[in-house]
């Protein structure tokens, strides 16, 4: 049995898609376990760029099974569109498996997400407005509609009708907007269900069988630890658990089945949406990193907020996710910056904090304590090993590993898979 979980150690957008794609080459099964189409990842395959939001990045390899796990919330309309997008470009999706227990995002979830964000005004969370939160709310309230329900015409009709009564009351009485009619949703979404029916099964069985047979299984997290609903910067978080522990619930495999956890980080920090960000840059260096690193959201197109690397954040991620291996991305983006900074702790009212605080009020008063390191000017985009890095670049990478307490296993010096280098195998 060899299982690897890939998690983001920051606020998402760390380059997990690329690392998952890279690790997929040696995996036999690739599974997603949480989130929905609020996450976007860009994969370069055979020289072409593909943007995926729902389907695991291993889909490009016909001999590998790709799983959408039970912990995900699935927008059937978006999924059918993504399947068509791949088919039009000649990519087969016969290797896809969708959990019959995954929950379904429906039009009223999208509408409620949008309206609630508007209602909050200055206190908005900064959601992607993809209906993720409202769908997870229905799941917790035990009124959600699952994929297995979507495939059964009678069950879907009954549950949808019941939910619409409640949602329409909410839309009309609280938000003052028109509700939805059953006939405007039912046939369209039932057809989406029929379109994906051939992929639907009990994916927990698929995954556990693969693990029991000793096959290599890769679990692909979306977002990042700092967006985890329990461990992140609550309430500026997603509605699921991107931490490695989310695999056991969202994929239906026991905790004893997880062997390695790869924490993916950028050599700096980014964040999309609202919420605290202690090392955020509001100067020319921040603008430079954003432009060189092309820091714009895959899903939203929004410019990402940019800051220095924060070892307090990544240490927190290591602890709550049990991270065993570090994958450090986008080192090349920092080339040419004279002096680099790494946050080693926070200063709060004269105290030094080495652990990430739960209180946003405390966090708002925290000032980062920086360690300064000399930068480098050499082009590192063709580097294939740590030994080939300029001395200052290597020192920067090794210092991050020391400060976070995570051994370096992978480092990346560009967006292409050929620019991803292995220091030690995560499948060992």
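Just so you know, the numbers here start at 1 and follow the chain as drawn.
Note: Cβ is positioned from N, Cα and C throughout, glycine not excepted.
Some features that Swiss-Prot has for this protein:
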type	residues	note
ACT_SITE	13	active site, proton acceptor
ACT_SITE	41	active site, proton donor
BINDING	12-18, 40-42, 304, 330-332, 412-414	GTP binding site
BINDING	13, 14, 15, 16, 38, 39, 40, 41, 128, 142, 223, 238, 302	IMP binding site
BINDING	13, 40	Mg(2+) binding site
BINDING	298, 299, 300, 301, 302, 303, 304	substrate binding site
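A map of Swiss-Prot features onto the structure.
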| residue | record | Cβ within 10 Å |
| --- | --- | --- |
| 12 | GTP binding site | 29 |
| 13 | active site, proton acceptor | 27 |
| 38 | IMP binding site | 27 |
| 40 | IMP binding site | 19 |
| 41 | active site, proton donor | 24 |
| 223 | IMP binding site | 28 |
| 300 | substrate binding site | 17 |
| 301 | substrate binding site | 8 |
| 302 | IMP binding site | 13 |
| 331 | GTP binding site | 25 |
* To do: Pull out the recorded positions from the set 13, 300, 303, 304 whose C-alpha sits within 10 Å of the C-alpha of residue 40 (IMP binding site).
  => 13, 300
* Looking only at 18, 304, the binding-site residues on record, which one has the least crowded Cβ, with the fewest other Cβ atoms within 10 Å? -> 304
* Where residue 413 (GTP binding site) and residue 128 (IMP binding site) are concerned, what is their Cα separation in Å, rounded? -> 29
* Go through the recorded positions 38, 41, 300, 304 and tell me which ones have a CA within 10 A of the CA of residue 15 (GTP binding site). => 41
* Asked: Is residue 303 (substrate binding site) helix, strand or coil when read with DSSP?
  -> strand
* Structure fact -> When the binding-site residues 42, 128 are compared by other Cβ atoms within 10 Å, fewest goes to 42
* Measure from the Cα of residue 12 (GTP binding site) to the Cα of every one of the binding-site residues 38, 128, 302, then give the nearest. => 38
* Asked: C-alpha of residue 302 (IMP binding site) to C-alpha of residue 13 (active site, proton acceptor): distance in Å?
  -> 12
